[in-house]
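Enquirer: Here it is: the structure, laid out below.
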Amino acid sequence: MSVTVQMLVDKVKLDVIYGTQELLQKEIATADISRPGLEMTGYFDYYAPERIQLLGMKEWSYLTQMTSHNRYSVLKEMFQTETPAIIVARDLTIPEEMLLAAKEEGIAVLQSHVPTSRLSGEMSWYLDSCLAERTSVHGVLMDIYGMGVLIQGDSGIGKSETGLELVKRGHRLVADDRVDVFAKDEETLWGEPAEILRHLLEIRGVGIINVMSLYGASAVKDSSQVQLSIFLENFEKDKMFDRLGNGNEDIELSGVKIPRIRIPVKTGRNVSVVIEAAAMNYRAKQMGYDATETFEKRLTNLIDQNEASHD
């Protein structure tokens with residue numbers, strides 16, 4: 001997904017001090033944000049002009065102590081064709097030399113009242129989300145008790161119907177059919193719907209329904225971290241399934257591993273309730289309580305007691 005300067009302006013509510021419509025449509029190539037410190041002294045080795053240039057109190061203070069000529073020279077060298085924009089935080093005064101250099105080089109000048117570190121974090125979060133490489137997977141992504149659960153399985157097994165039942169039980173739909181996943185970092189996976197499928201569920205025999213229209217805004221979510229994969233598969237009498245919950249299986253999506261739980265599906269089984277329980281049990285494990293481990297300890301103690309009674 002490409003991101004323009006205008007999209008960034010709208011998302012983090014920046015003020016446009018200078019920028020034609022053409023300049024605001026310039027694409028941002030990287031999520032990295034530069035705080036030009038050494039560049040202010042004239043040291044431009046390893047300078048990354050393709051990044052958003054963000055000036056906070058320290059950079060601004062140093063810049064304002066320069067002579068007008070030196071200030072213009074530094075800014076002129078800093079502003080290059082591939083530079084998307086320069087942003088001044090904290091509503092600090094924009095030097096005239098900055099506007100002059102920006103107009104000459106064709107660089108948008110933006111301003112924000114937000115403190116520098118917070119502004120940098122907001123922009124990084126947004127740009128990382130937009131510019132991260134995406135992988136499309138088949139399934140239903142639900143927010144269950146605040147945890148992102150990716151429901152997968154063979155076609156026709158009832159993933160969308162299960163998603164609808166979970167919505168009726170108070171959980172939130174993120175995406176149905178196609179889920180676009182991307183890595184926020186090495187350990188964090190996020191998912192979102194394809195734009196054309198946002199808020200929609202396809203139910204066999206009924207057709208396409210708009211979950212937001214039928215159940216309200218509280219029933220949908222635009223994106224979610226993906227923390228758990230539930231794989232639905234047809235129940236087979238002779239097939240072995242994990243009965244104790246101590247079988248560890250992971251899947252890797254966009255370079256991030258997440259745990260997977262396989263749930264057998266057969267007529268009469270309330271799959272949505274089972275998925276709720278699986279999600280809550282996984283969260284309990286993350287908080288340090290493992291029911292399987294507790295059971296195994298009780299079983300071991302019982303065996304030890306029986307052996308002691310026979311001695």
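Cβ coordinates come from backbone N, Cα and C, glycine included.
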Enquirer: State the residue range annotated as region 'Important for the catalytic mechanism of dephosphorylation' by Swiss-Prot; the candidates are 168-173, 264-269, 306-311.
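Expert: Checking Swiss-Prot against the ranges 168-173, 264-269, 306-311, the region 'Important for the catalytic mechanism of dephosphorylation' one is 264-269.
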Enquirer: For a quick check of packing: other C-beta atoms within 10 Å of the C-beta of ASP177 (active site, proton acceptor), how many?
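Expert: Neighbour count, Cβ to Cβ under the 10 Å cut-off: 18.
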Enquirer: Rounded to a whole angstrom, what is the C-alpha distance between HIS138 (active site) and SER155 (ATP binding site)?
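Expert: Computed Cα spacing between HIS138 (active site) and SER155 (ATP binding site) is 9 Å.
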Enquirer: Do you know offhand how many angstrom separate SER160 (ATP binding site) and GLU202 (Mg(2+) binding site) by C-alpha?
Expert: 7
Enquirer: Cα-Cα, whole number of Å: GLY153 (ATP binding site) versus LYS159 (active site)?
Expert: 7
